[in-house]
Amino acid sequence: MPMTLGYWDIRGLAHAIRLLLEYTGSSYEEKRYTMGDAPDYDRSQWLSEKFKLGLDFPNLPYLIDGSHKITQSNAILRYIARKHNLCGETEEEKIRVDILENQAMDVSNQLARVCYSPDFEKLKVEYLEQLPGMVKLFSQFLGQRTWFVGEKITFVDFLAYDILDLHLIFEPTCLDAFPNLKDFVARFEVLKRISAYMKTSRFLRTPLYTKVATWGNK
């Protein structure tokens, strides 16, 4: 039985999950929910099923794999990663995984707050001012490694790729001063299964966010 990934028909919190499912060659199908247009942003497609799926904390995204029913995007990522030994092996690697997992979520939330705000134009200016410093930290953390944890890819590389690509859409020059990050993005995109997936109609680079967002909703 293929796994079922449920989420809105956007990129959002499912991007790294979809990429990891593709990279690992996992058998899965998607249930994509559509949100209505303004001003109501009707969510009935999702709400009509929300409490009928047997989820402990009903939310999107969710992953159903037989008797395993999982919500929270990072919990889903870790579940898939454990099946394929992509969580780091040594204690040092696991520490780096944990740090980057949480740092990526922080940055993702910061950008989302800007993009969902009615004060987007004002907040964008402030965000762009601090962006080089934030990107520099990612560059330093990667260093000369092939992947963020070492020479072997782990699930946090999928999170890091998502974050960096999001910011390239937000500000296309943001990685210009950081060649190791540009190389990382290029290295990730030429992975055989990732490259193949990106050429399919199933691949969603955009919309980044739901229709409620001020920016990134198309």
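Numbering starts at 1 and runs along the chain as it is shown here.
Backbone N, Cα and C define each Cβ position, glycine as well.
Model, not experiment: these values are computed from the prediction.
Here is what Swiss-Prot records for this protein:
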BINDING   Y7, W8, W46, L47, S48, E49, K50, N59, L60, Q72, S73  glutathione binding site
BINDING   Y116  substrate binding site
DOMAIN    1-88  domain 'GST N-terminal'
DOMAIN    90-208  domain 'GST C-terminal'
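Features as recorded by Swiss-Prot, highlighted on the structure.
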{"residue": "Y7", "record": "glutathione binding site", "Cβ within 10 Å": "24"}
{"residue": "W46", "record": "glutathione binding site", "Cβ within 10 Å": "18"}
{"residue": "S48", "record": "glutathione binding site", "Cβ within 10 Å": "10"}
{"residue": "K50", "record": "glutathione binding site", "Cβ within 10 Å": "16"}
{"residue": "L60", "record": "glutathione binding site", "Cβ within 10 Å": "20"}
{"residue": "S73", "record": "glutathione binding site", "Cβ within 10 Å": "23"}
{"residue": "Y116", "record": "substrate binding site", "Cβ within 10 Å": "17"}
**Prompt:** Using DSSP and three states only, what is Y7 (glutathione binding site)?
**Reply:** strand
**Complete:** Across the domain 'GST C-terminal' (90-208), DSSP labelling yields 83 helix, 0 strand, 36 coil
**Request:** Compute the C-alpha separation of S48 (glutathione binding site) from Y116 (substrate binding site), stating it in Å without decimals.
**Result:** 25
**Fill in**
If you measure between the CA atoms of S73 (glutathione binding site) and Y116 (substrate binding site) and round to the nearest Å, you get 19
**Message:** What does the DSSP secondary structure composition of the domain 'GST N-terminal' (1-88) look like, as residue counts for helix, strand and coil?
**Reply:** 27 helix, 20 strand, 41 coil
**Prompt:** Max Cα-Cα distance in Å among Y7, W8, W46, L47, S48, E49, K50, N59, L60, Q72, S73, the residues listed as binding glutathione?
**Reply:** 21
